[in-house]
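Engineer: Here's a structure for you.
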Amino acid sequence: MNATAHDAADRPVIPRLELEGVTKRFPGVVANEDVDLRVMPGEIHALLGENGAGKSTLVKCMYGVHQPDEGRIHWEGDPVTIATPAQARHLGIGMVFQHFSLFETLTIAENIALGLEDVNDDPRNLDDRIVEVSELYGLPLDPRRTVLKLSVGERQRVEIVRCLLQHPGLLIMDEPTSVLTPTEIERLFTTLRQLRDEGISILYISHKLAEIQQLCESATVLRHGRVSAHCDPREETPHSLAEMMIGSEIPRAERPASTPTPAPVLRLDGLSRPTDDPFGVSLVDMNLDVHGGEVMGIAGVSGNGQAELMRLLSGEDTSGDPTRIRLGDEAVGGLDPAERRRRGIAFVPEERLGRGSVPDMDLVENTLLTGAYQGLVGRGFIRFARARQLAERIRERFDVRTPSVDAQARSLSGGNLQKFIVGREIEQHPRVLIAGQPTWGVDVGAAAAIHQALVDLRAQGCALLVFSEDLDELFEISDRVAVIFNGHLSPAKPVAETSYEEVGRWMGGLFPGADGGSTREGAHDVA
Amino acid sequence: MMSLKFEKRPEPSRAMLYAAPLIAGALTLAFGLVIFAALGKAPLNAFYVFFIQPVNSLYGLGELTIKAAPLILIAAGLTVGFRAGVWNIGAEGQLVLGGICGGTVALVFHGVDAWWVLPLMLLAGTLGGMAWAAIPALLRTRFNTSEILVSLMLVYVAELLLVYLVNGPLQNPEGFGFPESRLFSESATWSPLIEGIRMNPSFLIALGALVGLYFLLSRLYLGFQIRTAGLAPDAAHYAGINASRMTWLSLLIGGGAAGLAGVNEVAGPIGQLLPDISPEYGFAAIIVAYLGRLHPVGILFAGLLMALIYLGGESAQIALQVPDSVTGVFQGMLLFFILAVDFFVNFRLRMARRSQEGTN
């Protein structure tokens, strides 16, 4: 209470939202501890922290999804208890989630009508209001289009417009740029600045330092659930921000020299696959060579055919012409995953739990998932001693932090489980390693370790194919980059001969051979 | 405003997971006694009649193994499928088919006194059960139909087939038109292991099945593949484990075990084909498998308990003049309580206050 009185004297302006000593516990974890945070009117305030630092939990406390166990929340200076998201919206808090909550088969207007409290509005009126708001803030939308046909960027606009129609005082944006191309990010920032200038406060959640420095005038940094600093990001360096965030410098992978093999190891030769899923993406005439001793990065906003391509590469999908995928001289497109593994193709899937590992099995058994042919099975019997040795070796070599290899996969943190899976695949000494989003949702330390392991594997002559949405990651570890967009694969370019800007444009569909008639928004953005 | 809600426990207690069958058993017992009391029977006497009297003699223990053998054998077979996420609910039908096939062999070689008749019957019965289970396997892998519904509906087809056969082609020509086959020859029936009690080698077969199950699930790579397919189908797919193969394997093993149990019945305590050869062992075995935590040791004890409930039901019918549905009531309670206790092992009940007033 003293603090409040003191601050009130210092600052004549009442904060729009103020958190004091907020603590939230879950069974076994303290997600937030004694967090203070203050968002002023007309301010873009950053909430910065690595994955798992407690950002999402804190925001859910503000939006009425969780109730804090301790601490107070003030709205416009008044103490409030936010019991439900509806109450949060009523107060004037709008939120754009990282994963959108839209019904694919409904139109934009129908989706927005569902989210609005005031259902008495007649829909025609709503259409007009949507157009009005979207034009005002540079968020062009046609209310009659179905969400199914929208790009990720457009879907985000729908969410923002839905919030704006309720005249919020505070807009919470959870990692809004993680799914956008660089051009779309620029547009979003313009909109956010305009909103700020009209007096709307924005709480901007991210772990991307450059963005925060570009956009935000104040920041609260979380580390392990506690506030590690309040600062003005414009006066900080990326280095100092990173230190606040992780307590040390972000390590970068060291790239030992590597000479690619003259002949490609993995080859896509006009690979096509029409999708049989109405929400899927058809792959069209993909060509790619990956040589031994190089890392090929595949950039692209997710949902552009990565999942479909990875299933074809791993053997989980064997439909289509088997000769279009070649390992050396051999056509492998018709082989199942086990047969491909025996030929030296290892695969790190995007989903760690339930696909890359069996959650309810311990790490020893999880080595059997893909290591069964590495001498872990003899005459049909499992050789547990060898499986345990392998699990121990992975734990040691890849710094998997777990009390024991008898721990269930589900009990490991995302980063540690990912290190285990990457390690398990590397221990097979593959000729080709395919990895989907290898560091998604992984803390900085673990991500650096995974990058290092991949780059080391490259030095041993393995051909690596890495799919990622994170351009920083791809530029750090790749030798060449290609872009996947709407089922089309761009030509590959050496990293040294391209730039974020060019890859960004390609992610929007502007590359030779991309589908010109695409309905994706990115293509129109730059055109 | 207060409301109750269920919340998933972050880490269900392992000890409780194993204690759950015991708690379920105790609750079944307690509520069973309440039911007897409500029917006007002295609870302690009822307890004695139901649970002690049937097994307080060597003969009674022999009877226990006669009932336990099919329950354990079928439960062991079904466990493979349940671990693989394949829900074979039609073991009763597969049992009936096993009885029909084994019985047909016995009748074809009626009067032939040779050592190979019984083994041939066992083989025929096992194959019959497998064939019946192959139907849901084929439909599931080809047309993606639900094996739950198909296997369940085939139970009634199998039962009607048996009724037809004992009224037609397999009817005893000297049986005065009764719906039953000839009595099998001696070479086509199990002889008791010990003189004076009915215990026969089918119990040893059931124990053998448990040993086999243990090796399959804990030691063999095939067992790992089965468990992976059940626990995480996407991971199984990723590992290159063939889902269709697991479905076929599960249904054939479950069907084969049930078919074998069916021959053991007709070649054992029954000794001929009747319109009704099983007091729903095929369904009770599902309860046995789950009560036994899908684990060989658990299945042994659960099978013995379920066998005791069968015996107790018969004994209570005679001594206490209660209807024979008392067995079904006990089975139902056991299933109900194991499911309920399991639910509470995985979830907890929490009192939630909807509108909150600050506690400060």
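Yeah, the Cβs are placed from backbone N, Cα and C, and that goes for glycine too.
Predicted automatically and left uncurated, TrEMBL annotations should be read as such.
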Engineer: Out of B:94-112, B:227-245, let me know the one TrEMBL marks transmembrane segment.
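Structural biologist: Here TrEMBL associates transmembrane segment with the stretch B:94-112.
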Engineer: Determine whether the transmembrane segment (B:203-222) and the transmembrane segment (B:59-82) share at least three Cβ pairs under 8 Å, counting only pairs 6 or more apart in sequence.
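Structural biologist: These two stretches do touch.
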Engineer: Take the transmembrane segment (B:59-82) and find every residue of the same chain, 6 or more past its ends, with a Cβ under 8 Å from one of its Cβ atoms.
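Structural biologist: Same-chain residues near the transmembrane segment (B:59-82) but 6 or more away: 53, 88, 91, 95, 192, 194, 196-200, 202-203, 205-207, 209-210, 212-213, 216-217, 226, 230, 249-251, 253-258, 260-262, 264-265, 268-269, 278, 281-282, 284-286, 288-290, 292, 294-296, 299-300, 302-304, 306-308, 310-311.
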Engineer: Please tell me whether the transmembrane segment (B:294-313) and the transmembrane segment (B:325-345) touch - that is, whether there are at least 3 C-beta pairs under 8 Å between them, with each pair 6 or more apart in sequence.
Structural biologist: yes
Engineer: Three or more CB pairs closer than 8 Å, sequence separation of 6 or more: does that hold for the transmembrane segment (B:15-39) against the transmembrane segment (B:148-166)?
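Structural biologist: The transmembrane segment (B:148-166) and the transmembrane segment (B:15-39): touching, no.
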